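Before any comments, here is the structure.
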Amino acid sequence: FNWTIVLRQLLFQCGIQFWCFRQAEILQGQDLPHGSHTPRLPHIIIIGVRKGGTRALIEMLSLHSSVAAAQNEVHFFDWESHFQKGLPWYLSQMPYAFPDQLTVEKTPAYFTSSKVPKRIHQVNPDIKLLLILRDPTERVLSDYTQVFYNRLQKHKRYQPIESVLVKDGEINLGYKALNRSLYCVHMQNWLQYFPLKSIHVVDGDELIRDPFPEMKKVERFLKLEPQINASNFYFNKTKGFYCLRDHGRERCLHDSKGRAHPHVAPAILQKLYQFFQEPNKKFFELVGRTFNWK
């Protein structure tokens, strides 16, 4: 029995409670000089999903003047090496914000990590959560595509997509990318700690097709003054997706976005569609809405 470990854990938990209390004061505007510009723990977290459109979502949300966004994925709640550093470290990763601004961070791996919902709830049970999802089959293909190009750039071997999707003629349940697309499994875990009203599900497929209506829904969920408008988006024919226009300055997502998926045999695609039918139905029941997924 190691009392050193027990003491360290107790001190860490006390640190969480103390910092949560202090941050609650800050979020409510206490102890902040008027007009002060300081890092603040997030009011909003984009919790996922990987290859669902989280980068596009945080960039589009940053168009709003009342939002200050962390630039990098923080991985505080899912990486032990980061979580053990405590809330002071987490706060140091946040953007500087004025008292009237909402801070946001995005880490796509949060959604599929079983320990994250409880940890976030301990820090701020009233936080607003944004979850962006795509058709689960399309998400699996995007997941594979990202890994494929990463390995290609590093001159590493890669497996053909058919060999990872199918094993012995059946869907390969050991493929991690498939698990990430079982939205109902992960959503059940989040709903143990947060009510559905605290989680807004963004339709990632619609965000790609026509971002403006989806961003208006996000504004309403976050109770932000309407500010993002249709003129903030323009379709870039070269890239094949929407880019952003902010005060006359135009910017697009990185070239790694919007890559073409590898060709998959129709029979294998059909297996994937059938595999996700029942999990999708359960997810629709959990969130009380349906999505146009195959």
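Using the three backbone atoms N, Cα and C, a Cβ is placed for every residue, glycine included.
All annotation found in TrEMBL is predicted automatically rather than curated by experts.
Per TrEMBL, the features are as follows:
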| type | residues | note |
| --- | --- | --- |
| ACT_SITE | K51 | active site, for sulfotransferase activity |
| BINDING | K51, G52, G53, T54, R55, R134, S142, Y242, K257, G258, R259, A260, H261 | 3'-phosphoadenylyl sulfate binding site |
| DISULFID | C243-C252 | disulfide bond |
| DOMAIN | 42-281 | domain 'Sulfotransferase' |
Which site among K51, G53 has the most other CB atoms no more than 10 Å from its CB, taking these as recorded positions?
G53
Which listed residue (R55, H261) has most other Cβ within 10 Å, given these are binding-site residues:
R55
Could you tally the C-beta atoms, other than its own, that fall within 10 angstroms of the C-beta of C252 (disulfide bond)?
16
Name the residues of the same chain, 6+ apart in sequence, whose Cβ is under 8 Å from the Cβ of S142 (3'-phosphoadenylyl sulfate binding site)?
K51, R134, H261
Can you work out the mean pLDDT of the predicted model over the domain 'Sulfotransferase' (42-281)?
93
Can you tell me the CA-to-CA distance separating R55 (3'-phosphoadenylyl sulfate binding site) and C243 (disulfide bond), as a whole number of Å?
12
Give me the Cα-Cα distance between C252 (disulfide bond) and G53 (3'-phosphoadenylyl sulfate binding site), rounded to a whole Å.
13
